[in-house]
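Peer 1: Encoded as structure tokens, here's the structure I'll be asking about.
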Amino acid sequence: MSNYVPFILLVLSLIIVLKNVALAGAESKVHIVYLGEKQHHDPEFVTESHHQMLSSLLGSKKDAHDSMVYSYRHGFSGFAAKLTKSQAKLIADLPEVVHVIPDGFYELATTRTWDYLGLSAANPKNLLTDTNMGDQVIIGVIDTGVWPESESFNDNGVGPIPRKWKGGCESGENFRPTNCNRKLIGAKYFIKGFLAQNKGFNSTKSPDYISARDFDGHGTHVASLAGGSFVPNVSYKGLAGGTLRGGAPRARIAMYKACWYMEELEGLTCLNSDIIKAIDEAMHDGVDVLSISLVGQVPLLPETDMLNEFATGLFHAVAKGIVVVCAGGNDGPEAQTVVNTAPWILTVAATTLDRSFPTPITLGNNKVILGQATYTGPELGLTSLVYPADAGNSSGVCESLNLNSNHTMAGKVVLCFTTSRTNTAIPNAASFVKTAGGLGLIISRNPVYTLKPCDDDFPCVAIDYELGTDILAYIRSTRSPVVKIQPSRTLSGQPVGTKVVNFSSRGPNSMSPAILKPDIAAPGVRILAATSPNSTLSAGGFAILSGTSMATPAIAGVIALLKALHPDWSPAAFRSAIVTTDLRYHYSTDKNRERLAHH
């Protein structure tokens, strides 16, 4: 018996050692631990309780500190921590834990808008003027950051910072608190979740700024659309412009950067843990409206599903009185592709604007065809026109123009056809033609797809399949076909129809069809707004972008105006007023202005 006890102790010691070795060897990943409502009003107390919970699991305060990524302590209680699968299971079994989920990803959903919506500054009687342009309302934006030097964030004529504001501007790479002003009153960044998931990330080699400064330009674009200040005499690559502003030009902007550029992916990634911390901070800081142009993927999780931490975080924000506006996604026109479908979220679809850029194409037989482009260069005089597929062993498909010999396209305008839905089809085809020495491109495609400008103002014009077939018939009817391309013009107003754009995600709601989504639509095609100078589309600090990303801040701006008029309304009241009122036609009349004001 005396020899048996030491043997048992030895076995137990070995079991403990082996267990610790297994835990040390297992891969740790970021998990989000949700604890529900806060049990204490002191944020420091809440964070300490999170550390104690981790310490009891990991064995020491140091290990708990090293494991902790974020403490969610303002709007609700929870934390993000680096845990193995077995550790996550152990902590999920604790009675005070609601659920534990692995971290996930979200992505970006990527002028004349306000005149179109009946909110022109020149009109003395509309929502814009009735609300002093949204003064004292704070719009929070969760995105890629902000370029604070943009003229869209000037604070000319903007009053003092609202007293309720508890936020601020954080220092970081190429960003100082002095970059903020009375317009841009908040700028924070959240990268801990991203770094924990991407351990090989080299911040010194990354072109992105480890701060709230915007590298990509998407965040600057959407923030300026929601609440940008007046900027006079703005044009884009020579196209007719004018005064540019956001929906609520005297509202304040607070940027929460949660999306980061990775060269390895050649794109942006947004971690759920970083986004939720941004939501938590926005609730603490005192924002009135949250504009979020980020989307998840189908299949959707139920809005009440424990795994849908994004919707859960936004539920707490709405419960605190914050109106949340989210993009519906860019996966249309297929049915059941709409995302961000929780009933407490205002989900936005994208429409075209009542504006087009007709570009005259004159054939050698004097027939004039109007295409669409943003070409502002000199007129391209009569030039040889070719359809490469007629040249033998060549291709007339836009995506395959690089397979043609340079001789086929050199010195000519090229006609090609594409069925591609992507907005990169035109610039990619133009690049092939330019490389071969071609002088211009006419691209025939489905007319509902969006238009993306070509680089370096290369003459590339989009037409529909019917017109493309007409041009092809002309080419085949003569030995020496020629064409002339004139600069684009700007046409706006009643002659140009508007509709939900092809790429905008459609309902019905794939999770709960009885909950109708999207809730509302707003202009999201060829929208001119501020951007980062780093953006490849930037021209003078401005760019034209399309997506439900652009439609979302348009609605956020309108909400900010209504918030200034009705500060005591609930998020549900704002949603009801928005989805039952057509601002374009109804707010210009006294009767309907009264209807909206007393909805």
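Quick reminder: no glycine exception, Cβ is built from N, Cα and C everywhere.
Quick paste of what TrEMBL says about this protein:
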type	residues	note
ACT_SITE	D143	active site, charge relay system
ACT_SITE	H218	active site, charge relay system
ACT_SITE	S549	active site, charge relay system
DOMAIN	30-108	domain 'Inhibitor I9'
DOMAIN	134-582	domain 'Peptidase S8/S53'
SIGNAL	1-24	signal peptide
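Are these features on the surface or tucked inside, and what are their neighbours?
Peer 2: All protein chains included, D143 (active site, charge relay system) registers 28 other Cβ atoms within 10 Å of its own Cβ.
Of all the Cβ atoms in the protein chains shown, 26 others lie within 10 Å of the Cβ of H218 (active site, charge relay system).
The average per-residue pLDDT of the prediction over the domain 'Inhibitor I9' (30-108) is 92, rounded to a whole number.
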Peer 1: Which number gives the other C-beta atoms within 10 angstroms of the C-beta of S549 (active site, charge relay system), all protein chains shown included?
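Peer 2: I get 29 for this one.
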Peer 1: Distance between S549 (active site, charge relay system) and H218 (active site, charge relay system) at the Cα atoms, whole Å?
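Peer 2: Here the two Cα atoms are 9 Å apart.
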Peer 1: Quick one: Cα separation, D143 (active site, charge relay system) versus H218 (active site, charge relay system), in Å?
Peer 2: 7
Peer 1: Where DSSP helix means H, G or I and strand means E or B, what are the helix, strand and coil counts for the domain 'Inhibitor I9' (30-108)?
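Peer 2: Summed over the domain 'Inhibitor I9' (30-108), the classes give 31 helix, 27 strand, 21 coil.
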